[in-house]
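Marked as transmembrane segment by TrEMBL: 26-53, 73-92, 104-123, 168-197, 217-236, 298-317, 350-370, 377-397, 417-438, 450-468, 488-507. Annotation source TrEMBL lists domain 'Major facilitator superfamily (MFS) profile' at 28-511. The annotation region 'Disordered' is assigned in TrEMBL to 515-539. Per TrEMBL, compositional bias 'Basic and acidic residues' is recorded for 515-525. Per TrEMBL, the feature compositional bias 'Polar residues' maps to 527-539.
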Amino acid sequence: MASRQQSQQLQVLTALDGAKTQWYHFTAIVVAGMGFFTDAYDLFCISLVTKLLGRIYYTDPSSPDPGSLPPNVSAAVNGVALCGTLAGQLFFGWLGDRLGRKSVYGMTLVLMVVCSLASGLSFGHTPTSVMATLCFFRFWLGFGIGGDYPLSATIMSEYANKKTRGAFIAAVFAMQGFGILAGGIVTLVLSTVFRNAFPAPAYQVNAATSTVPQADYVWRIILMLGALPAVLTYYWRTKMPETARYTALVAGNAKQASLDMSKVLQSEIEAEPEKLEEIITRGKDYGLFSSQFAQRHGLHLAGTAAAWFLVDVAYYSQNLFQKDIFSSIGWIPKARAMDALEEVFRISRAQTLIALCGTVPGYWFTVFLIDTIGRFTIQLVGFAGMTAFMLGLAVPYHHWTTPGNHVGFVVMYRLTFFFANFGPNATTFIVPAEIFPARLRSTCHGISAAAGKAGAIIGAFGFLYAAQSPDPAHVDAGYKPGIGVQKALYVLAACNLLGFLVTFLVPESKGKSLEEMSGDAHGEEANANTINPSADQMV
């Protein structure tokens, strides 16, 4: 079977599938990965400065506590980039299948650079106008970030060989961990420099002077630095050739595909235009909304979208509101006991430690093990681990909030991040780039990713309100009583359990070519092998 399918395959695609790991693989990882580094930095750095924004623009010196962003403003500032990301994933995913991966790839980076800089230059005479300007630019920043998801994953999957494809795509996504870590380190450094240069008393000592005027520069610099890695990567993105799979299977240009990959692989590759014409003629050119797609890939798309949605509800709830969780357990002092820049320092230190000890290692466990134990197993283990440790936080929650037990809480909390990244946060990015036909690959990845961002939006907006104390006396200013952190953790654990179950809808793609998974080059027979994944998954 394998030899017959290989004889039907284009030589250029066979060469890519069997290529040894070469320099161009690492170049592609770095070029695509730096985009994800930027994405993560830009998306998550906002959580480091929202407390500072509240102090700068919403403090009433006569109040016993420093200012905080009103609920609607906080939800908008935290969530508007996610809304832009969702829209960008759908739009650029679709565009990547229409115009080509390379043609669209540079657009997303330009948008990210411009909007990162503009976010830091947000202007206005009133707090409302500053926040409105910030939200406007962060929406379009998110729109550019959204395009990077389907394009980076698709490009890396179509460049990689089938033996190490999972590790290469995972390595691109793992740069997200370094982006989160970089955001924490940059904030630590800047807050330290400004604290030393402009010392201030705690709010409870002197409310009027606890936030120095220079603190306004801190959040602006943090946001603007997100443009730097994107600028450094732009030139190399423009030099990447279009992927051979798009050029051949979608654009129908066998000669250009073989010419491009001959340069990349540094070997002579036959064009085979007659074979390509035969493959295209034999293949079923069905659309996304056709009954053929629903029959062959409908459950797969439902599985990838649902799993991504569920993991992002939990993942973004945790990431964007770590500062609130740490405050609620007493790991970060009360706001009134600190000056503005000390609070930024302590929040960034806590999030940096979580990223360093839990987030980053989880990504790289996936990189090293995904082509050994497979996507399906890693996703199941990840969802199971997240469920277990969420319950481990929720069930004895009052124990964790008592003095002396905070370290145990942080360790358990860190392990939920580890199993997210050595688990569904990585695999939900990888699998949609492997199992759909080339002409719909970027679109389907964009749909799956957009479902994830819908979950992230629910997490960002919902957790903000749900985690409020049920006791009105302990509710943050401007909020209504919620279900509390403990019950919110139960809800997140339930999401992870559902994610475990929907994983069974997704096929295992370890060691298989993209054409085997999608049926692009082998017609009906190969697709029949992927329509019921359970046999492969349980091997």
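Each residue, glycine too, has its Cβ placed from N, Cα and C.
Because the structure is a prediction, the values reported are computed rather than measured.
Sequence-distant contacts of the transmembrane segment (298-317) (same chain, six or more residues past either end, CB-CB distance under 8 Å): 82, 379, 383, 386, 390, 416, 420, 423-425, 427-429, 431-432, 435-436, 444, 447-449, 451-456, 458-460, 462-463, 488, 492, 495-496, 498-499, 502-507, 530, 533. A contact between the transmembrane segment (450-468) and the transmembrane segment (73-92) is present, since 3 or more of their C-beta pairs, 6 or more residues apart, lie under 8 Å. Residues belonging to the domain 'Major facilitator superfamily (MFS) profile' (28-511) score a mean pLDDT of 89 in the model. In this chain, the transmembrane segment (350-370) lies close to the transmembrane segment (417-438): three or more C-beta pairs between them fall below 8 angstroms, excluding pairs fewer than 6 positions apart.
For the transmembrane segment (217-236), the most Cβ-contacting stretch among 26-53, 73-92, 168-197, 417-438, 488-507 is 26-53 (pairs under 8 Å). Sequence-distant contacts of the transmembrane segment (73-92) (same chain, six or more residues past either end, CB-CB distance under 8 Å): 42-43, 46-47, 50, 53-54, 104, 107-108, 131, 134-135, 138-151, 316, 320, 442, 446-447, 449-450, 453-454, 456-457, 460-461, 464.
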